[in-house]
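Per TrEMBL, the features are as follows:
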- A:84-118: repeat 'PPR' (REPEAT)
- A:218-248: repeat 'PPR' (REPEAT)
- A:249-283: repeat 'PPR' (REPEAT)
- A:391-425: repeat 'PPR' (REPEAT)
Amino acid sequence: MQNKIAKLVVNDSPKPLQRVGEEKFISLLRSCETCTRLHQIQAHIVTHGLQGNDYVTPSFITACARLGRMGHARRVFDTTAQPNGSTWNAMFRGFAHAGCPFDVVVFFAQMHRAGASPNCYTYPLVVKSCAQVNAVKEGEQVHCVVVKRGFKANAFVGTALIHMYSARGEVSVGDAYKVFGEMHEKNVFVWTAIITAYVACSDMVSARRLFDLSPQRDVVLWNVVVSGYIELGDMVAARALFDKMLDRDVMSWNTMLNGYACNGEVESFEKLFDEMPVRNVYSWNGLIGGYVRNGLFNEALESFKRMLMLVKQEGEEGDVVVVPNDYTVVAVLSACSKLGDLEMGKWVHVYADSIGYKGNLFVGNALIDMYAKCGVIEKALDVFDCLDVKDIITWNTTINGLATHGHAADALCLFERMKNAGEKPDGVTFIGILSACAHMGLVRDGFLHYQSMVDDYSIVPQIEHYGCMVDLLGRAGLIDQAVDFVRKMPMKPDAVIWAALLGACRMYKNVEIAELALQQLIELEPNNPANFVMLSNIYKDLGRWEDVARLKIAMRDTGFKKIPGCSVIGCNDNLVEFYSLDERHPETDCIYRALQGLTIQLRLHGYVPNLVDVAHGN
DNA sequence: ATAGGGTTAG
């Protein structure tokens with residue numbers, strides 16, 4: 001019996017036997033998960049004499065690429081005498097997958113020189129890589145090869161070319177359209193590519209015309225056009241198209257949700273969220289992020305809690321179980337910073353640890369900002385130290401956190417560390433640095449940093465930087481120099497600048513400049529009564545009561561009342577807000593007793609409170 | 001037998 005089978009196989013020529021071996025190795029390579037295993041398989045391939053085999057080699061290279069071993073793949077490739085098209089393609093795919101589009105372009109030139117023939121799988125990979133590295137000339141050369149070898153009608157190749165030209169901006173959308181026009185047999189992918197190209201250069205008229213002409217429209221194409229209108233802020237047109245859609249998917253709903261959120265239409269996105277048939281994590285992120293974007297931080301936290309409840313209940317009534325992700329965490333943390341809700345912030349920190357945020361810098365940066373804004377600068381620094389990769393945002397957030405919490409000296413130290421670490425400061429960094437100097441009264445250092453910003457880093461000062469400089473000079477009592485700085489600004493000073501000057505005038509009792517500043521402020525923000533109060537306080541300091549009365553009338557005439565400043569403090573899982581001399585809290589007596597105790601302690605340590613400002617509610 | 005394309009949020 002066994003003899004019979006052996007005889008049959010032998011008689012059938014040796015080819016099927018080799019084919020069995022090839023197939024075995026291909027399937028082994030496909031399921032290979034570790035490098036050790038890869039090397040074992042490689043050894044077996046060699047003993048079977050199958051190295052350089054037309055079918056096994058591409059699979060081997062693909063397995064290398066999957067395990068991140070492109071160096072090894074390359075050595076194998078270099079020892080392959082006659083690499084076939086699939087072997088070349090496996091190399092291209094590997095480089096592209098590893099994020100090395102440049103190597104793809106270089107390798108394609110090598111393929112061309114070697115006289116090997118690309119096939120229809122080669123071109124999309126190479127064209128896409130040219131687009132990624134902005135290889136304009138090479139991209140056009142590949143396009144020429146495509147035409148010469150008769151691949152321009154291929155839908156895969158065509159979409160890649162259209163995408164490449166559209167990535168070059170509106171000047172090349174004509175080239176993209178030319179590729180599109182020369183293709184017969186266009187499928188929905190090709191139509192989507194060209195319509196996306198017009199959407200990308202904000203030409204919604206052409207995009208819509210092509211959309212109406214398209215013989216086939218799937219949900220992706222509809223979404224592209226809807227998001228095109230949203231990009232231009234035309235929510236009415238977006239909604240009209242959205243309403244016409246027959247089968248909307250979650251992404252269609254999410255696109256609309258985010259569109260409303262970006263355009264400040266809070267009620268619309270709330271309503272849309274309620275109407276959604278299915279919600280995924282993006283939908284929830286859109287809702288929470290939408291609240292944050294529009295300043296509704298409490299609503300953001302409430303929605304987050306709702307989301308967590310859903311996780312606990314394992315998604316009742318058709319709701320898909322939605323687990324918060326890194327983006328959710330970032331949005332929630334920024335709401336915590338804005339509210340000063342440290343307890344929630346800490347809870348989210350633990351949660352972020354549990355989902356392993358360490359790979360995500362956005363989360364790390366948001367944590368630093370949250371702790372800094374909630375006044376726990378030590379914890380902010382802990383998070384900073386724990387991040388092994390830092391970006392410019394990390395440094396800026398921490399420097400600004402230190403600067404705004406009176407740790408100006410530490411902010412300047414960190415700035416030096418930043419430069420030593422090879423991170424290049426940007427305009428935002430210098431806002432932190434200049435304000436740190438302003439708070440410490442370091443006029444000379446402030447000026448040196450300002451000069452260094454312009455000379456060493458070629459940063460053009462923005463209005464915020466001028467604001468910092470006016471503040472720096474003003475706080476130091478150099479009012480005339482501050483005014484000089486304002487006069488020499490290349491742009492029109494804004495309210496922040498005049499308010500900084502007015503504040504300095506208050507400190508140094510300079511009526512003349514204060515009146516000038518107020519005049520400007522009345523023009524810029526006629527409805528802000530705080531400006532009147534500031535000048536009024538200067539008159540008070542000088543005992544000019546008639547002027548105080550005059551201003552009071554002027555202020556009343558604006559019809560706006562100054563909203564009293566209010567503080568918020570987290571207490572037993574709740575946020576309590578209180579005003580100056582507030583007595584609304586049930587435990588008012590106890591609170592004031594504690595405050596009195598603190599005041600006594602402060603005085604014992606030599607602190608002299610500024611009672612004038614307290615009495616005036618500043 | 002190997003293997004490619006169009007969309008959404010920081």
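Keep in mind that glycine also has a Cβ here, set from the backbone N, Cα and C atoms.
Beyond the repeat 'PPR' (A:391-425), the same-chain residues lying 6 or more positions past its ends with a Cβ under 8 Å from any Cβ of the stretch are 361, 364-365, 368-369, 371-373, 375, 377, 380-381, 384, 431-433, 435-437, 439-440, 442, 445, 453, 457. Each residue in the repeat 'PPR' (A:249-283) gets a DSSP state, and the totals come to 26 helix, 0 strand, 9 coil. Across the repeat 'PPR' (A:84-118), the DSSP tally of helix, strand and coil residues reads 26 helix, 0 strand, 9 coil.
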